[in-house]
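Asks: Found this in Swiss-Prot, in case it helps:
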BINDING   H587, H592, H777, N781, I936  Fe cation binding site
COMPBIAS  47-59  compositional bias 'Low complexity'
COMPBIAS  287-297  compositional bias 'Basic residues'
COMPBIAS  298-308  compositional bias 'Basic and acidic residues'
DOMAIN    88-217  domain 'PLAT'
DOMAIN    220-936  domain 'Lipoxygenase'
REGION    1-69  region 'Disordered'
REGION    264-308  region 'Disordered'
Amino acid sequence: MLTATKPLVGGACAAPSSSARRRTFVVPEARRKPGNGRRTSVSKVGSTSTSTTTTTTTTLSADSNGAAVGTVTRPDVHVQDRTHATEMKATVTVHMSKAAGVRDFLYDLILKTWLHVDLVSSELDPQTGQEREPISGAVKHSGRVDDEWDMYEATFKVPASFGPIGAVQVTNYHHSEMLLGDIEVFPTGQEESAVTFHCKSWIDPSHCTPDKRVFFPAHSYLPSQTPKGVEGLRKRELEILRGTGCGERKEHDRIYDYDVYNDLGNPDDDNNPTTRPVLGGKEHPYPRRCRTGRPRSKKDPFSEERSHKEHIYVPRDEAFTERKMGAFDTKKFMSQLHALTTGLKTAKHKSQSFPSLSAIDQLYDDNFRNQPVQPEGGKLRFVIDLLETELLHLFKLEGAAFLEGIRRVFKFETPEIHDRDKFAWFRDEEFARQTIAGMNPMSIQLVTEFPIKSNLDEATYGPADSLITKEVVEEQIRRVMTADEAVQNKKLFMLDYHDLLLPYVHKVRKLDGTTLYGSRALFFLTADGTLRPIAIELTRPKSKKKPQWRQVFTPGCDGSVTGSWLWQLAKAHILAHDAGVHQLVSHWLRTHACTEPYIIAANRQLSQMHPVYRLLHPHFRFTMEINAQARAMLINAGGIIEGSFVPGEYSLELSSVAYDQQWRFDMEALPEDLIRRGMAVRNPNGELELAIEDYPYANDGLLVWDAIKQWALTYVQHYYPCAADIVDDEELQAWWTEVRTKGHADKQDEPWWPELDSHENLAQTLATIMWVTSGHHAAVNFGQYPMAGYIPNRPTMARRNMPTEIGGDDMRDFVEAPEKVLLDTFPSQYQSAIVLAILDLLSTHSSDEEYMGTHEEPAWTKDGVINQAFEEFKESTRKIVEQVDEWNNDPDRKNRHGAGMVPYVLLRPSDGDPTDGDPTDEKMVMEMGIPNSISI
C-alpha cells in the first residue's frame, strides 16, 4: 500500500518540505485507517464462500514523474472459486487541476459520475482465445481525504471465470484534467488483501484523448513473461506513446518522438530576427530532443517556429505540475531574466565595468545568512517580484546608483569561495586546485607527449607545436627534472581548449562585448600532491590582415610587477574559456542534451511493466521539462547563455563541435572517462590507479560509481537469469537500438556502442546512464554559485584582449591602471548580475528533490533479492558519506582540506540527517546529497 512518503510531480503535488513554513501535501492512501501508517500486506484474495486462499506479496513502485509503475510477486486479485461471482471494490484518489474551480467541484465532482474504471483480466477467454471483455464501473465520490485529494469508490460484480485482474483502464469524462493517485482493488470487506495500482499520472478529459488510460499491477514482467490477457494492452500502450510522427503536439499529449534542435532562433521576429544553425545532422551533429511538431518558420524553412506560449511541449507526465505554495517558480524567474538580457541589447551602459574589485564585494549582502527566509518563496520570489516592478527603472540608473540597484534587486548571498577566503581567487594554488576539485573537474588531462601538438590544419591555424617549450617547463619547475622526465613521471597536466576554440576566434571577435583565444594551461604535480600552474598559452590565428599572434604567460613572467599582472589577465581568459566549456559541454551537452534521447526511447520502447524501465525512471525525473525551459530561455538565440558566456551566439554550435569530436557513450562512465584523459590506469588486477592520488572529484566519484554499478549488476542478474534472456528481450533491444539510431543518430555507425548481450554490458550501460544523471550532473551543477558566484574566481566572459597583443595605447593603459584593465576583462556589471542570478537558481536544490540512496521504490521492498540489493546500495552511500567527511578533515589531503579551503562535497550523498538538505537553508546548496535526476 502506498504511504505518504512519495511526492507528487512538481508543484501542487510536491514532496513535503522539512520546514514547517511550507504548505505541502502528498499522495494519500486510497484507503486509510487510523493508526495504520504505512500498510503493506499479504494479499489473500478469494471468494467468501468456498475459495481457497492464494497468498501473494504486494508492494508498490512510486513512479517519480507521473507514470504508473510498481512490483508485486504476483497480482492475484481474482476469485478462486470459479462457480461464484464476487463483489469487488475499487477506491480511487484524485486531485483535480486548479483549472477546475469550486463550481466544478461542488457540481461535477460530487453530483456526477464522471470517472469510470474498467477491470481487465490477465487471462484470455478460453473459448475465443481473445482478450476478455473488461468489467466497467462508474466511480462515485465518497469523501475528502484532505484539502487537495478526494476519494472515489466503485463496485464490480466479477464473474468467477474472469481470472486475475491484469490491468485497470480509466476514463475521465470531466472537462478538466485530473491527477490520478492510487487505485486499490479488493473483494468487498477484505481491504487487507488490496492490490494497489500506483498511477500518479494526469488523466485528460475523454474529449481530448479518446484512448482509455491503462495502468498495470505492480509486478515487473519481461515481454516474454507478460500475462496473455494484457499482452495486447502492453503493446498498444507503447504504440500510443510513440504516436504517428505527424501533427503539432498538444499540451495534453503523451507522445514521445524525436527532432533536431531547430528551434533556438527566431527568424520570424520582425523587431529582432535571429537565426541559428540546426543542431542535428551531418553538418552539426547533436543528440535529438523531443519533437513538438510546431510549424516551420515562414522566413527560414529549416527552423521550427518559436512557441508563442509560455509552455513548450513535453509529454504531460514529464512536465512540472502546479507549483505548491512557496515553491520555486523557475519558469517565471528565467522569463524575467530573459527579459532583462533582451533589455541589455539596447541599454546604453550595458558594458559598464565594475569600478573596483571592492565594488564587486558590494553585490553580496554581508548579513544574508542572518536574514529570515521569506515565507512565500524566499530570495527567488523576492527577485521575481522586484524584477517585474523595477526592471525598467534599473535600466535608467548610472554608475554607483546602478550598482546599488543590482544589490537591492538581487540581494546575492556571499559565495562560499569568497566567504571562506576573500583572496582565494588570486592565488595560483587555488586556480590549480579547482581543476580537480571545482565545478569542472572533468576537463584536465595528463600530458603524454612533448611538445604538445595541435591537430588543426597548419596552413590555416599555424604551427602544430605549442609555444610552451621544454625550456619554459624546465625553468618553471626549477629544473628539478627535465621536461621529458616530467612527462614520463606523469607530472604534467593541462587544460587544452586550443583546438576546440581556435576555429571560432575570429567569429567571436566580431561580436560585441566578448573576445576569444585558443588556449592551454599547463600544471605541474608537486611532491606534496598538489598542482601548480606553470604556463598559459593564448593564440589568435592569422587573418587576411594580421599574422598569427600567440604568447606564453608564466607566473611572475619576467619577475616584474607587470609580468604578474599579465599572468592574472591570462588566468582570467582561460578561466572564462573553462567556464564556457563547463557550461556548454561538461554540463549542458554531456548531461542534459545527451540524456534526453534515453528518456524518449525508454518511453517509446520499454513498457512501464519492464524492470529496466523501473530502474531508470527515477533518473529521468523532470529532465525533459527542464530541457524545454532551457530551449525557451537559456540556450536560445539571444538568451541568457549567449549573453553571459564567451562564445556568445556560437555557444551551442561550439557544443556541437564537442559532441562530434569528443562524445562517446562508452567513455561517459566515470572510470573510462578518467582513463581516456590519462587521469587513471587499470592495474593488472583491474583496479584503477589515479595519476593524482588526491583528486577529490575522482576519489568521491569512483565510490559513487562503484555503488551504482553494483546495484545495477545485481538488479540485472535478478531479472535476467542468463545472457540469452537479455539478447531475447525485444523491448530492451528495441530501446537500445533506438537510442543509437534515432536519439544519437549522428553517431549510430560508431563502433564503440556497447551491445546488450551480457550481464556486464547491460549493467555497465545502465550504470553509465544512472551515473551521468546523478553523480556527473551533481558534480557540474550544484557547485556553480558557491564557486562561480564570485566573479573574479570564475569569470564567464573575457571582454578585452591581452594588452601585449594590441600594444601601443592598450599596453600603456595597462601599465598605468592594471586593475582597471582586469576589471574591463571581467564580465560587466549587467552580465555579472545575470550570471549570478542564474547560477544561484541552477545551484539550488528543489524542495521535492529525490536523492540517491534515500529514495526507495516501494516495488523493491517485497522482492527479497532486490530489497537486499537496494539496502546494500543504501548502506554503500552511507559509507561514502563517512569517507567523504573523513577525507575533508584529513590534513594530508591538501586538495580538499586547508585554511579557508572549500571542502569538496558535491558527490557526498545525503546521510538522512534531518538538517542535511533543508531546501529552505540557502547556505547549503552544495551539501544536500546527489539527486537521482537532472531536474534543474
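Cβ atoms are placed via backbone N, Cα and C, with glycine included.
Just so it is clear, the model here is predicted, and its values are computed rather than measured.
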Asks: Can you check what DSSP calls I936 (Fe cation binding site), collapsed to helix, strand or coil?
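Replies: For I936 (Fe cation binding site) - judged by DSSP and reduced to three states - the answer is coil.
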Asks: Go through H587, H592, H777, our binding-site residues, and report the one whose Cβ sees the most other Cβ atoms within 10 Å.
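Replies: Selected residue: H777.
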Asks: DSSP on the domain 'PLAT' (88-217): how many residues come out helix, how many strand, how many coil?
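Replies: Across the domain 'PLAT' (88-217), the residues distribute as 16 helix, 68 strand, 46 coil.
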Asks: Which state, by DSSP, holds H592 (Fe cation binding site): helix, strand or coil?
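Replies: It is helical.
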Asks: Can you list, in sequence order, the residues of the same chain other than H587, H592, H777, N781, I936 whose CB lies within 8 Å of the CB centroid of the Fe cation site?
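Replies: Other same-chain residues near the Fe cation site: W588, T591, V780, L842, I934.
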Asks: Find, for the listed binding-site residues N781, I936, the residue with the lowest Cβ contact count at a 10 Å cut-off, counting only other Cβ atoms.
Replies: I936
